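Participant: Dropping the structure in here first, questions after.
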Amino acid sequence: MVPPVYIVSTARTPIGSFQGTLSSLTYSDLGAHAVKAALNKVPQIKPEDVDEIVFGGVLQANVGQAPARQVALKAGLTDKIVASTVNKVCASGLKAIIIGAQNIICGTSDIVVVGGAESMTNTPYYLPTARNGARFGDSTLIDGIQKDGLLDVYEQKLMGVAAEKCAADHGFTREQQDEFAIKSYQKAGNALKQGKFNQEIAPVTIKGVRGKPDVVVEKDEEIEKFNEAKLKSARAVFQKENGTVTGPNASKINDGAAALILVSEAKLKELGLKPLAKINGWGEAARNPIDFTIAPALAVPKAVKHAGLTLDQVDFFELNEAFSVVGLANAEICQIPLEKLNAYGGAVALGHPLGCSGARIVVTLLSVLIQEGGKIGCAGVCNGGGGASSIVIEKVDSDFKL
């Protein structure tokens, strides 16, 4: 029997818009804030108790050596902590959770901080010719966000081109994608108004400059930018003729971080910790890189099977909305009822900080299970290169006893 792994705390930053309210914060600033907030919820865990941190991060240029290590030390963890940074593109944060759980199961760690972060705003441009010297003519700047985050390296096509292929392959219209996006914004807006994100978001204080007061950021920045008329009239971005994917019906470029604290059963008993959820299983898969959009349709069933369940036993699903068509296509293939999917909206409305999102969807999934009466939840996220990662968690009841 596989030893259980428990989630005892979660936290995330609000998600900031590109060059928005969180733009002054670095990858490590964002990550450390989420980690501190998660640890503050479990005072029984002291900094010296944490064995390891596994943290996702995609756009690592100019971030500095060992980004996860920076997060750990900035969050106040000891210099003895083992730190690993994961780059599995959009699935990085979820892969970090899987690795943390595996290390606990293997007996090499008892308490692991996991999650991910991204400051897409602070990603630099590259000047490749500068290394050897530009001898003659113009030199071209390379956008780091596009090069390392949003471009299929094999076909040299943007991720949105793959989304257009997915829409064509599966027969999803522009109108269907717009409707999915509108519902994502509506669900996120309702969740915001009802305080559904309060237990997961740790407000961030941005220091005022030149005599200006500090600003407290406590909600996701994108949600309130929703304009249905503009969404429906937006031009297709990636395909001129008969294009269906637009800026508004796709995820956004964002900044943010999310963190979770995982513990073994032995450490749960020793410290008298109250678990929020148990990790029941996970699954990963890959296919042709240009079809990464539907890789979750392979990974999700594997995760559910690994957990010893069937898809109809899952109460709520979180699928990262890289594009509206990703949610639509994977839900159709896996026969997931849309009322079970992304109950509080998804990346279209909330934002998609690349290295953070895989962890963020698990944090939000747990919020949904707790507040909407669910027991079993499954999260899945596709990633550039053709892959996907998925995880199944089970909410622990308030009367839980070992």
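Just so you know, the numbers here start at 1 and follow the chain as drawn.
Cβ atoms are placed via backbone N, Cα and C, with glycine included.
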Participant: Quick one: which of Val82, Val86, Val348, Val362 does Swiss-Prot put in the K(+) site with Tyr185, Ala250?
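Facilitator: Answer, per Swiss-Prot (K(+) site with Tyr185, Ala250), from Val82, Val86, Val348, Val362: Val348.
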Participant: Starting from the K(+) site formed by Tyr185, Ala250, Val348, give every other residue of that chain whose CB sits within 8 Å of the mean position of their CB atoms, in sequence order.
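Facilitator: Surrounding the site, in chain order, are Ala181, Ser184, Leu231, Pro248, Asn249, Ser251, Lys252, Glu321, Ser324, Gly346, Ala347, Ala349.
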Participant: Identify, in sequence order, the residues in the chain of Cys90 (active site, acyl-thioester intermediate) that are 6 or more apart from it along the sequence and have a CB within less than 8 Å of its CB; answer 'none' if there are none.
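Facilitator: Spatial neighbours, sequence-distant, of Cys90 (active site, acyl-thioester intermediate): Val58, Asn320, Ala322, His352, Leu354, Ser357, Gly358, Val381, Cys382, Asn383, Gly384.
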Participant: In angstrom units, rounded to an integer, how far apart are the Cα atoms of Lys230 (CoA binding site) and Tyr185 (K(+) binding site)?
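Facilitator: Cα-Cα, rounded: 13 Å.
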Participant: Where does Val348 (K(+) binding site) sit in the DSSP three-state scheme?
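Facilitator: Helix, per DSSP.
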